[in-house]
Structure formats: structure tokens, C-alpha cells
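Lifted from Swiss-Prot, the feature list:
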{"type": "BINDING", "residues": "Asp16, His17, Gly18, Lys19, Ser20, Thr21, Asn132, Lys133, Ile134, Asp135", "note": "GTP binding site"}
{"type": "DOMAIN", "residues": "4-185", "note": "domain 'tr-type G'"}
Amino acid sequence: MSVKNIRNFSIIAHIDHGKSTLADRIISECGAISDRQMSSQVMDTMDIEKERGITIKAQSVRLNYKFNNENFVLNLIDTPGHVDFSYEVSRSLASCEGALLVVDASQGVEAQTIANVYIALENNLEIIPVINKIDLPNADVEKVKHEIEHIIGIDCKDAICVSAKTGVGIKELIETIITKIPAPKTDDEAPTKALIYDSWFDNYLGALALVRIYEGSIAKNDEVLVMSTDKKHIVQDLFYPHPLSPIKTQSLQSGEVGVVVLGLKTVGDVQVGDTITLVKNKAKEAIGGFEKAKAFVFAGLYPIETDKFEDLRDALDKLKLNDSSITYEPETSLALGFGFRVGFLGLLHMEVIKERLEREFNLDLIATAPTVTYEIYQTDGEFIKIQNPSELPPVNKIDHIKEPYVKATIITPSEFLGNLITLLNRKRGVQVKMDYITPERVLLEYDVPLNEIVMDFYDKLKSLTKGYASFDYEPIEFRVGDLVKLDIKVAGENVDALSIIVPNEKAQSKGRELVSAMKEIVPRQLFEVAIQASIGNKIIARETVKSMGKNVTAKCYGGDITRKRKLLEKQKEGKKRMKAIGKVNLPQEAFLSVLKID
């Protein structure tokens, strides 16, 4: 196949704007799968992707299409749409020459679309605006065209209107891809460079790398080098990606997309964004932009049954084979026993991983409240980073603390603007920009501490705006904050898993909210249980769970009052002893109550 007949493109869209359905339509229009074989969402392979309607891993498919009596190869590179996976998006887009910008005709441009379009523009991709779901009764094509032009600045007079559901406009869209998106620029004589834009683990073949060949070529049995690790491997097999079963090939030429089998044991050896080159004709430098995926959000994961600790370790090891962005290390908690402090790309990533651990490995887990990384500058000049509030040094040893900030982009119907600004101010947000896209919709940009977002910001945003606002964030920098550690004591015992780091001015109110929430959850005992919130040694709030009364005088019929008094005194003594040594078992809701406070 001549390089001039290859088109590499991806689809950019917000969740629920019909990206996976459109991909399926393009695949069936090109005849890669018969209608009978078509399962909805061919590109989404994980059950959890289909259930949540999201794309987590980038998938690819090679399609053949005849146009003007010439055969063309279309490589459709599917990208995740969610903010947590934006690094995977950037690598997928770097493998393309063009992108379809898909916008729902009834909903308009959303926040996550903007972030991904900017990545595409940075990579100088040819962008084709596609307005989807034109079959819906409330579709407003002209309004959506205006929004795309106003927010993103792309001319929409030639936008393609399609309905992925009914198939309207799909043929015209494929022909536009061929005529508008340029062929790959290649140099067959240059040393081989291949960009890994996805990798996953196969039980039979080991770690597989999905690559786009930029320069040169790779053939079966070649000795290749992974540039960031400097490790050498032999190419055992090469495939073209196909939705049903991959097609074997002897070589991959520049401009092509394919799967490379190197017989590796873990995906950590072929990380997304890395470069593969040949040992005999080594490239001088790697393709730019490679970063190791960084964890932003951390949470403790503990098995409810303490003897399942090793099972949890095995499960995390297996997930790590397929997702090199997870980080984890063992930790112990006085309240919860042995577990792991796990790092995630973001909140959705955390939910997906916890759900996969429970579903695929049959584990019952307690997750502590999510936290972020803090930079602690100590009075003795030492500098440390912590992810667990219980690691915070004593107050007298801290000079100052820095916390991570993110740039939050929100698009909301203007009727909810007042409520949203109140929420953002309460979350310590700083307004950077406010722009009316149309009289009914507003674009907001705020700098917000990441810690305020990981708790429950997304849920509150959705409930305040009846689900109409969309939200995206990207990390910017660490800034100094006036922060303190809030500890919770139950029956005099410090519950380390409930410690949180909060702004000083909110500590009092958060402490009060937390102890009153805990009071509702902690089960009543035969003795009184004090729940206290403290900063250092200072108690700032307290609630008491009253004891259950046992009627010790029930067996005294009538009789002497002194007899009853004696029994009551004895009970009082017993309760005193019990209180001193009593242990309170906290339910999972207690650990989640931290998330519910505002």
C-alpha cells in the first residue's frame, strides 16, 4: 500500500456524544464487520467501558475503503474522552494526521471536548467538525456550528452532519476523511522510529505495543530497542489491528499502524509515549513528549477481611500489567490493618480500578477518602512530599505547606451561574475567565486546589446544574496554603484513616460536621462513646454516642430500693471498666463520611 493512500485519524468527543457509535458506523460502512457480527461498541473492549459508556484504553482498527477507483487504508485510532486519561489522548493524537471533532447536535460543545481539541491543534492536525445525532427532535445544528466557531475558532461552514444511529451522512464523512486529511509524511531511509500510543497485556502473547511507524520500518525477527529503558528485544510477531481478530503481517512500513509482539512480561516495559527503534540503525533521539504517567489522586485500599491482603497485592500486580499508571505501596493503619496506598490518574480512574478489583478479583475493599500530594517545607530546611495525611509532621516542625492547583474549565447553562460561582468560591477557587458562548451558555475558568475537587466537587456540580454542566481540569502548579491536619478520635483512640488535611479557616466547621456525621453512624455500645475532632492536642469539636441501657433491676420484683441501688452501682462500675478498655468497630460508612462534609 502506497503511503499516499493511508489516512490516520482519531475521533474527539465528550462522553455521550456518540463517539463509539460513530466508530462502529464507520467500521461497518467500510465492510470490516458484517451487520450480523456487529456488537454495539466494537471499539470498547472492557465490560466496564460498555457499562459506563466510556472509553478508557485507546483502541485501533485498520479499514479498507475504495474511493475514485483507488484503494485507501483508514487507520481509526480511538481515544479516551475522559480527563483522567488525557495523556493517552495526547499520544493517540500524536499518531494521527487528522481528527474528527464530534459534537452532539442537541447538547453543543462540552468542557472535555475543548481540552482534547487543543491537544489536536498543538499537534497540527487537520480537524473536521462533525455534528452528530441530527436525528434527535431537539437537535440545533446552526447553534452548535456557532458554538464550535466561537469557542474553538474552527470554520464550520463545511461541517459534516451525521446520525451515527441511523447512518445518515457516514459515506460523505468517510470521503471527507480521504480528501481533507493529509497522508502521513514519511522518510523510508531514516532510522526507524515508532511511537507506542497504547499497550496492553495478553495472556498468551505477553505485553503488546500498539505503534505508529513515523520513519523507517519494522519487520518480523528484527532486533529493536525501547528508547526510555534502553532494553533490546526481538520482534516475534506483527499484526494489523482489526475489531474481530488481528491480521498478521511480515512488516510495518512508515505511516502505518500496527501491533508489535516482543514477548514481554509487563506493559511497564512498553509504556505509552515511548519510542521503538532498530538496534542496527538506531535513531538519534526519541519522539518528543514522552512522560511517565503521574498519579494525582491517592487513596488507601484495605481488604475488609484482613487475611485477604496477599490477594489484594496479587490483584494489583495483575492490573499493573495492563495499566502502568497505577502506583501502590503497602501501608498499615491502626484502624484498618494492612492495605495499600494506591495512586490514580484521577477520580474516574480510581472508581474504575476499585470496581475492577472488586469485580474481577472478588475482593471486598474499604477505600479511604481520596487525597493529593502535598509538599512540606520543614523548619530544619528538609523538604518532603506526602500523600497520606497521617504522615504530616508535627505543627512545630512545619515552616509551610504547598498544595497542587488545577485549572478547571466548566461550561454551564447561564441560569445556574450564580450557584456555580458560590460553589467555586466555597472550594477556594480563583476566577481566571468568564465568557458567554451564547446568551444561554457560559464558559468559566477557575484555579482551584485539587484537594477541593477530589472530594465531591463533581457530584455537587452535577446536582447544582441538574446534570447540564460539563467539567474538565488540568494540573498547573503547587501553591502555598494555610493548611492543618484534622484528626478524629473515637473512644479516645486516634482513627488514622479518618485524618484529613483542611484549610485552617475551615477546620472548626469541618470538625463539627464530621463528628456530627460520625455520631449518626457509630453503633451504640454498652458504654458511652466520645467522638472528638482535634488539631494537634487541641480538641475543637465533640459529640457523644449515648450508651445502651440494660435494665439490671428487672429481676427485682417490688422489694427494697437499696437492693436496686446496689445493682445500679455495680452496673456503673462495670461500664467504667468497659469504657476504659472498650473497642468500637467502625462501619465503612464512617470512612466515607469524610467525603460527605462540605
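Just so you know, glycine gets a Cβ as well, placed from its N, Cα and C.
A C-beta separation below 8 Å, combined with a sequence spacing of at least six in one chain, links Gly18 (GTP binding site) to Val102, Asp104, Asn132, Lys133, Ala164, Lys165.
Under a cutoff of 8 A between CB atoms, and with a sequence separation of 6+ in the same chain, the neighbours of Ile134 (GTP binding site) are Ala105, Val141, Cys161, Val162, Ser163, Val168, Gly169. Of all the binding-site residues listed (Ser20, Asn132), Asn132 sits in the most crowded Cβ setting, with the most other Cβ atoms within 10 Å. Per-residue pLDDT, averaged along the domain 'tr-type G' (4-185), amounts to 76 for this model.
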